[in-house]
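First up is the structure itself, then whatever we jot down about it.
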Amino acid sequence: MASDLKSKFLHVYQTLKSELLNDPAFEFHHDSRQWIDKMLDYNVPGGKLNRGLSVVDSYQLLKGAELTDDEIFLASALGWCIEWLQAYFLVLDDIMDGSHTRRGQPCWFRLPKVGMIAANDGLILRNHVPRILKKHFRGKPYYVDLVDLFNEVEFQTASGQMIDLITTLVGEKDLSKYSLSIHRRIVQYKTAYYSFYLPVACALLMFGEDLDNHVEVKNVLVEMGTYFQVQDDYLDCFGAPEVIGKIGTDIEDFSSWLVVKALELANEEQKKVLHENYGKKDPSSVAKVKELYNTLNLQGVFEDYESTSYKKLITSIEGHPSKAVQAVLKSFLGKIYKRQK
């Protein structure tokens, strides 16, 4: 069933792409159509597609029955809107961070003929979302709520990115700016809203629910998103590269839960080691930081955090009156609890 759903989901991508390449609001010529075609294929469908597929999964769990072809198409279209939004964030994020690779291939802006055209491509990706929503949801009673939801989540994500950028200004490796509360705010706004809340909120709207009645669901999903990012930081340092599929850079980079915890637990001498070595790319500095993490037993600290977070999340989920909503939230948690990559 899962692979069948994924193939249907990918088929919807082709349909949406074809519609966008023939959007009557713009007079395409061969070169521009070819550019958009290549840009979309390079940036939109390349990831794990978890966010997009979660809309379909969540809607199915809310409905509690087989979905019609029309429902699969609409839930998939909303899922793809999230993947489009994600592509827009990543294309611009990579330019801001000066990154080299994304999903195992060069970042879009690193391609010889792309460069800073990628900034405009990011804007086009962002503007495709309302085009898709208008074409397929304009007649739905929840259309305005959908548009509002995407606008709000985009604002929250961009604001989270801003806190991250101004806290970790390149060249100003100032650990004193960093604390658990700042880390939490960055994660909440930059990751949790669009990765965890948005897919479920889309499914709830499509199911006819009023999001104002589901503030508790939002809170649980934001907590889940925070837990997911802490896992990510942990795996970046302690996960096996062949399992996580990338080489960790958090000791060289910056905003990691591990360094925040280390600062909290370290004595003055250990803090000095951190301040002198954190954020540097040379292997000896990275090794010193990792050695300090081991001395502070951050693996044990993370395991405690993981089990406490899990128990709190389960308690919150089981307090929800709707069994269908519980199933949606438990399905999300099941995908990430104790993951290795």
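From the backbone N, Cα and C atoms, a Cβ is placed for every residue, glycine too.
Residues annotated as isopentenyl diphosphate binding site in Swiss-Prot: K48, R51, Q86, R103. K48 (isopentenyl diphosphate binding site) counts 10 other C-beta atoms within 10 Å of its own C-beta, drawing on all protein chains shown. K48 (isopentenyl diphosphate binding site) falls outside any helix or strand according to DSSP and counts as coil.
According to Swiss-Prot, the Mg(2+) 2 binding site annotation covers D93, D97. Non-local neighbourhood of D97 (Mg(2+) 2 binding site): empty, since no residue in the same chain at least six residues away has a C-beta under 8 Å from its C-beta. Classification of D97 (Mg(2+) 2 binding site) by DSSP places it within a helix.
Here D93 (Mg(2+) 2 binding site) comes close to S99, Q161: these same-chain residues lie at least six apart in sequence, with C-beta atoms under 8 angstroms from its C-beta. The Mg(2+) 1 binding site annotation in Swiss-Prot covers D93, D97 and is backed by similarity to another entry.
In the three-state DSSP scheme, T191 (dimethylallyl diphosphate binding site) is classed as helix. When Cβ atoms from all protein chains are considered, those within 10 Å of T191 (dimethylallyl diphosphate binding site) total 21, not counting its own. Residues or ranges marked as dimethylallyl diphosphate binding site in Swiss-Prot: R102, K190, T191, Q229, K246.
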Write out the long-range same-chain contacts of R51 (isopentenyl diphosphate binding site), meaning residues 6 or more apart in sequence whose Cβ is under 8 Å from its Cβ.
-> G79, I82, E83, Q86, Y194, S195, L198, P199
Among R102, R103, K190, which are binding-site residues, the residue with the most C-beta atoms within 10 angstroms of its C-beta | K190
Excluding K48, R51, Q86, R103 themselves, which residues in that chain have a Cβ inside 8 Å of the centre of the Cβ atoms defining the isopentenyl diphosphate site?
-> G46, G47, L49, N50, G52, E83
Quick note, Q229 (dimethylallyl diphosphate binding site) and R103 (isopentenyl diphosphate binding site): C-alpha atoms separated, nearest Å, by 17
DSSP on R102 (dimethylallyl diphosphate binding site), three-state: which is it?
-> strand
In whole Å, note down how far the CA of K48 (isopentenyl diphosphate binding site) lies from the CA of R102 (dimethylallyl diphosphate binding site).
-> 12
